[in-house]
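Asker: After the structure tokens below, expect a handful of questions from me.
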Amino acid sequence: MFKLSKPLSSLHKSLGQVVLQEMATILCPPNYVLLISLMVGCFVAASASNFYQDFQVTWGDGRGKILNNGELLTLSLDKASGSGFQSNNEYLFGKIDMQIKLVPGNSAGTVTAYYLRSEGTSWDEIDFEFLGNLSGDPYIVHTNVFSQGKGNKEQQFYLWFDPTADFHTYSILWNAQHIVLYVDGTPIREFKNLESIGVPYPKNLPMRIYSSLWNADDWATRGGLVKTDWTQAPFTASYRNFNADNACVWWSSGSTSCTSSNSNSTSSVLLSQELDSTGQERLRWVQKNYMVYNYCTDTKRFSQGLPPECTASKS
């Protein structure tokens with residue numbers, strides 16, 4: 001879909017000892033205090049959740065399964081169909097975590113999507129999409145932000161680990177000031193509220209959590225050049241340890257759990273949280289070493305001028 005700005009060979013070099021050393025010194029420096037209450041520490045601890053209570057499988061004709069007494073959810077894809085689920089609750093601001101283990105092996109052509117989305121034709125949306133690849137090649141994490149039904153704010157990243165070997169935590173922090181996407185507690189993207197210069201920002205519509213595993217071999221892997229190998233099916237992604245304890249549940253009355261007298265104090269803090277200097281440093285590290293596409297630098301695509309948020313701040 002987009003041309004990668006970094007070749008695979010350079011990534012493979014960066015995934016060796018250099019990365020381990022940088023992770024130790026940048027992500028968790030010795031003098032860094034772990035602020036668990038703000039959920040920006042070196043590790044994200046997910047509390048117990050139950051998929052039977054929090055989610056429902058919405059499509060896939062049995063390909064989506066809740067297992068282990070509600071502790072595990074799996075989505076599968078074969079040539080006939082993919083599968084998907086959604087949360088029972090809607091949310092308006094807060095922090096949401098999900099541990100995901102992505103499709104292993106030759107996952108080319110597949111997309112595992114994990115996102116927030118509101119209802120209606122003029123919707124808001126915050127996306128993680130994991131684009132599968134040939135065995136041995138890295139996944140691409142495709143991110144986007146929609147407001148009032150319009151997106152076109154894509155940023156793509158490689159990861160500094162194999163996301164198919166184990167579960168990793170993917171988080172969305174969403175408040176009125178900014179949206180931050182995290183991987184294992186490390187910020188990879190920040191999208192700021194710049195309504196002051198005319199940039200739409202999702203802040204009024206409650207959003208539900210969705211995830212799906214589907215075939216997108218017309219664009220997902222190397223712009224559609226690599227097709228899904230159905231002899232490898234079924235493809236399976238796994239989910240566990242969902243945590244929305246610090247998210248604001250939307251009520252039909254028009255208020256949220258964060259405005260009640262019994263609201264979580266941590267949720268209240270998150271509603272105004274900004275990235276501190278350490279978070280900014282970690283964000284710059286990821287974007288310098290692992291970003292492979294940024295709409296804010298795509299002058300060919302935006303030949304009439306880059307979007308205003310791209311020149312106002314680093315999105």
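Each Cβ is built from the backbone N, Cα and C atoms, and glycine gets one as well.
Grabbed the feature section from TrEMBL, which reads as follows:
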DOMAIN    45-239  domain 'GH16'
ACT_SITE  GLU125  active site, nucleophile
ACT_SITE  GLU129  active site, proton donor
CARBOHYD  ASN133  N-linked glycosylation site
Asker: Run through the Cβ atoms and count how many others sit within 10 Å of the one on GLU129 (active site, proton donor).
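Answerer: Around GLU129 (active site, proton donor), other Cβ atoms within 10 Å: 19.
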Asker: Reported as an integer number of Å, what is the Cα distance between GLU125 (active site, nucleophile) and ASN133 (N-linked glycosylation site)?
Answerer: 25
Asker: In sequence order, which same-chain residues at least six apart have a C-beta under 8 angstroms from the residue listed as 'N-linked glycosylation site'?
Answerer: SER107, ALA108, TYR139, ILE140, THR221, VAL226
